[in-house]
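Have a look at the structure below, then the notes.
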Amino acid sequence: MVSFKQVRVPLFTAIALVIVLLLAYFLPPRVRGGGRVSAAAITWVPKPNVEVWPVDPPPPVNFNKTAEQEYGDKEIKLPHWTPTLHTFQVPKNYTKANCTYCNTREYTFSYKERCFYFTKKKHTWNGCFQACAELYPCTYFYGPTPDILPVVTRNLNAIESLWVGVYRVGEGNWTSLDGGTFKVYQIFGSHCTYVSKFSTVPVSHHECSFLKPCLCVSQRSNS
């Protein structure tokens, strides 16, 4: 028979047993497993099915198509506007001015013998033809060419945009009162364009009746 004195318990084992006994005595019933909480158990709930809509992404929009080509209808029926395609005609009395003038106190900037103005008042795109023609002598609604556009956008802040005089009539090319052909980021059915701080080309707008400042220009005298 083995006596109690002959049983040797390692020191760390004895300490561990003492700690367990103390915890069992002092911890409250809920932690020890007593009381009502002890009956609770963790229930694993399977992940519910999440419906993702649409399953497939929508097809990309072809901005080179007209609404009629895209939808089979000449009019785009949207909640707050119904623009009719290709109805724009250049106002008869507003053309490129053949004279020189520069209001050095009021121009926004001057570049390549031209003075550029961002109108202080906002107008519809069509209204910019009249607004620019009446701004100062020799001013007209201007469509920025690729070499001028970066200078225009540098003079805009991050939240500004303004109407520019790049347009098209019917299915024709994008042009301006100065003539030439322009590359435009196109929204089908629109004939009006604007630029903002980060524009690399003029952008056509879906609603030409929105109010924005206009880009006007006049030729500066060489003298």
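Every residue gets a Cβ built from N, Cα and C, even glycine.
These come from Swiss-Prot:
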type	residues	note
DISULFID	Cys99-Cys138	disulfide bond
DISULFID	Cys102-Cys115	disulfide bond
DISULFID	Cys128-Cys214	disulfide bond
DISULFID	Cys132-Cys216	disulfide bond
DISULFID	Cys192-Cys208	disulfide bond
DOMAIN	111-217	domain 'C-type lectin'
TOPO_DOM	1-8	topological domain 'Intravirion'
TOPO_DOM	30-223	topological domain 'Virion surface'
TRANSMEM	9-29	transmembrane segment
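Feature map: annotations from Swiss-Prot on the structure.
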residue	record	DSSP (3 states)
Cys99	disulfide bond	coil
Cys115	disulfide bond	strand
Cys128	disulfide bond	helix
Cys138	disulfide bond	coil
Cys192	disulfide bond	coil
Cys208	disulfide bond	coil
Cys214	disulfide bond	strand
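Ranking the disulfide-bonded residues Cys102, Cys138, Cys214 by the number of CB atoms within 10 A of their own CB puts Cys214 at the top. The subset of disulfide-bonded residues (Cys102, Cys128, Cys132, Cys192, Cys208, Cys214) lying with their Cα within 10 Å of the Cα of Cys138 (disulfide bond) consists of Cys102, Cys132, given in sequence order.
If you average pLDDT over the domain 'C-type lectin' (111-217) in this model, you get 93. When the disulfide-bonded residues Cys99, Cys115, Cys128, Cys208, Cys216 are compared by the number of other C-beta atoms lying within 10 angstroms of their own C-beta, Cys99 comes out lowest.
Closest by Cα distance to Cys128 (disulfide bond), from the disulfide-bonded residues Cys99, Cys115, Cys192, is Cys192.
Comparing C-alpha positions, Cys115 (disulfide bond) sits nearest to Cys216 among the disulfide-bonded residues Cys132, Cys214, Cys216.
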